[in-house]
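Supplied in structure tokens, the structure appears directly below.
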């Protein structure tokens with residue numbers, strides 16, 4: 001069964017809304033791990049709208065599971081990753097005007113640049129995951145740039161408005177997962193997953209880890225982080 005990476009970006013979103021010092025993402029990560037998180041994920045955006053550089057530096061020293069740093073494939077972010085050395089990096093697309101990450105990274109259209117970044121990071125013993133749509137061409141390109149992981153973008157599945165569409169999107173994810181594993185990639189998934197839709201994705205053969213943030217932080221506002229994480233672990237198990 002898939003493990004759970006808890007994205008704590010929106011703890012920082014609340015903090016940055018008032019430009020204050022609380023709530024503290026580092027404390028949130030500790031509580032998430034106490035609740036059973038198998039990993040902690042943060043996205044250091046170029047505009048620093050939520051997670052800050054200092055957060056990542058502190059998390060590198062305090063996270064006891066593993067730290068997944070989401071970032072754009074820019075020289076600045078590569079330098080930060082090489083300095084901090086997270087347990088692994090997930091390369092994601094990024095637009096300043098977006099509310100959250102929209103769609104997967106286009107590996108096919110920028111294969112030389114992505115290949116260069118993957119090489120730099122993995123030569124420094126930092127495994128790289130690529131956040132992509134489950135398109136056969138994107139999976140093939142991910143193999144070509146020698147990434148260790150892909151993270152399948154589950155947004156269309158999560159946003160499906162009827163059962164027929166949802167099942168079509170799930171089948172698309174399943175096919176992508178199977179193709180990637182056969183090609184030697186390890187497979188994670190995330191984006192838009194909730195307590196109510198997570199199990200079918202978690203149950204896909206070979207799925208390793210689900211990176212989930214917004215729904216857990218929303219639930220945590222009502223019941224606390226530890227309980228919210230425990231409940232997501234139960235949902236992943238289909239309980």
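Yeah, the Cβs are placed from backbone N, Cα and C, and that goes for glycine too.
Values in this document were obtained by computation on a predicted structure and should not be read as measured data.
Sequence annotations record features per position, and here Swiss-Prot assigns active site, proton acceptor to 43, 70. As annotated by Swiss-Prot, active site, proton donor applies to 191, with the evidence given as sequence analysis. Sequence annotations record features per position, and here Swiss-Prot assigns 3-amino-2-oxopropyl phosphate binding site to 7, 18, 192, 213, 214 based on sequence analysis. Swiss-Prot lists 9, 10, 45, 50, 100 with the feature 1-deoxy-D-xylulose 5-phosphate binding site. The site 'Transition state stabilizer' annotation in Swiss-Prot covers 151, and the record cites sequence analysis as its basis.
Describe the structural surroundings of these features, if you would.
Classification of residue 43 (active site, proton acceptor) by DSSP places it within a strand.
Cβ-based neighbour count (10 Å, all protein chains) for residue 70 (active site, proton acceptor) stands at 25.
DSSP assigns residue 191 (active site, proton donor) to coil in the three-state reduction, outside any helix or strand.
Long-range neighbours of residue 192 (3-amino-2-oxopropyl phosphate binding site) (same chain, six or more residues apart, CB within less than 8 Å of its CB): 154, 155, 157, 158, 159, 214.
Around residue 45 (1-deoxy-D-xylulose 5-phosphate binding site), the same-chain residues at least 6 positions away in sequence with a Cβ under 8 Å from its Cβ are 51, 72, 94.
Sequence-distant contacts of residue 151 (site 'Transition state stabilizer'), defined as residues of its own chain at least six apart whose C-beta falls under 8 angstroms from its C-beta, comprise 90, 129, 130, 131, 132, 187, 188, 189, 190, 211. DSSP assigns residue 151 (site 'Transition state stabilizer') to a strand in the three-state reduction.
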Between the Cα atoms of residue 70 (active site, proton acceptor) and residue 18 (3-amino-2-oxopropyl phosphate binding site), what distance do you get, rounded to the nearest Å?
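Residue 70 (active site, proton acceptor) to residue 18 (3-amino-2-oxopropyl phosphate binding site), Cα-Cα distance: 24 Å.
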Taking just the CA atoms, what is the gap between residue 9 (1-deoxy-D-xylulose 5-phosphate binding site) and residue 43 (active site, proton acceptor) in Å?
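Counting only the Cα atoms, the answer is 7 Å.
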Give the number of CB atoms, excluding that of residue 191 (active site, proton donor) itself, located within 10 Å of its CB.
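Taking every protein chain into account, the count is 26.
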If you count the other Cβ atoms within 10 Å of each Cβ, which of the binding-site residues 50, 214 comes out on top?
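Highest number of other Cβ atoms within 10 Å: 50.
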Checking the recorded positions 43, 50, 191, which are within 10 Å of residue 213 (3-amino-2-oxopropyl phosphate binding site) at the Cα level?
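Final answer, ordered: 191.
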Nearest to residue 7 (3-amino-2-oxopropyl phosphate binding site) by Cα distance: which of the recorded positions 43, 50, 191 is it?
43
